[in-house]
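Chemist: Residues annotated as active site, schiff-base intermediate with substrate in TrEMBL: 206, 258. The 5-aminolevulinate 1 binding site feature in TrEMBL is assigned to 216, 227. Summarising the annotation, TrEMBL assigns Mg(2+) binding site to 243. The feature 5-aminolevulinate 2 binding site is assigned by TrEMBL to 284, 323.
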Ligand code: PBG
């Protein structure tokens, strides 16, 4: 023991920026970040989202510009959400070959691959595989005559949607509707259609969260009511592990926990038992809260952005979906 009585001085490793950089356990890298993007059919100008300052509903043209920016920034991927001009009960535009999401995927595929040198990486093209952006009732599935979400009838729609997305050039389809059996159903459909190489990112532990609020504006959601019969109860951690195990058994290539910030315990637990990459989605409400507090001068926005995403990685995420992906990539390059 030293004369001062202090056994060890951890502050030594915090003394300089260089020392802090050397010993940092968690680093943000553009390749670990995925940018979610919204594209809406029929727009002539991008539409700013009031509840997500800095984010927009893209036109087909501005979407491609954003995809190019993601490529230039070295992002790991982009996740596309489509908003059709017309919604209906079965979400028929979700798997229409010329539906907005399929058109956007084809245009993005071309932009991502244009002039690619041999061996050069380009962001992975991901698509949301869910009906809520396409249905007039706003639910993630089709409904029975009594208005309940029909699990097995919805699976048929998801399978068709996944194949349409793969045909349009998606590298990854991402079932986010929390229907039982969705991963196995989609895997079968993709394999049967000749898309054995298309990956599935399963939204495994997806909670019925208030933090999706701004997203509902982003996709012009028509939902009244809630998603509590299919999305998980925020009270349940163990059940999230069970959901992840089921998705792994069904052939998920990656598993996701969503939202991120209020489920870091679930994220850590999934990361500890998963032998596939673990993804976390920092959702619209997490984005909106930091933007709002930052705009009011209540917190240091930029530091809060970095701290929030660093915390998600530290908790076990290999990959983070965040609306700040481009901005963070610019900072950490
Ligand atoms: C479902 C889906 C949602 C989000 C991503 N995929 C909405 C929901 O489940 O209600 C939310 C993402 C966010 O809030 O940023 N297609």
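Note: Cβ is positioned from N, Cα and C throughout, glycine not excepted.
Give me the structural setting of these features: burial, nearby parts and distances.
Modeler: Close to residue 206 (active site, schiff-base intermediate with substrate) in the fold, though at least 6 residues off in sequence, lie 176, 178, 231, 232, 256, 257, 258, each with a CB less than 8 Å from its CB.
Sequence-distant contacts (6 or more apart, same chain, Cβ under 8 Å) of residue 216 (5-aminolevulinate 1 binding site) comprise 138, 223.
Listed in sequence order, 204, 205, 232 are the same-chain residues at least 6 apart in sequence whose CB falls under 8 Å from the CB of residue 243 (Mg(2+) binding site).
All protein chains considered, the CB of residue 258 (active site, schiff-base intermediate with substrate) has 24 other CB atoms within 10 Å.
With a 10 A radius on its CB, residue 284 (5-aminolevulinate 2 binding site) counts 25 other CB atoms from all the protein chains.
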Chemist: May I ask which of the recorded positions 216, 243, 258, 323 have a CB within less than 6 Å of any atom of ligand 1, listed in sequence order?
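Modeler: None, by Cβ distance under 6 Å.
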Chemist: In whole Å, how far does the CA atom of residue 323 (5-aminolevulinate 2 binding site) lie from that of residue 227 (5-aminolevulinate 1 binding site)?
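Modeler: Rounded to the nearest whole number, the Cα-Cα distance is 23 Å.
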Chemist: To the nearest whole angstrom, what is the C-alpha distance linking residue 227 (5-aminolevulinate 1 binding site) and residue 284 (5-aminolevulinate 2 binding site)?
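Modeler: Rounded to the nearest whole number, the Cα-Cα distance is 17 Å.
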Chemist: Enter the number of other CB atoms within 10 angstroms of the CB of residue 227 (5-aminolevulinate 1 binding site).
Modeler: 21
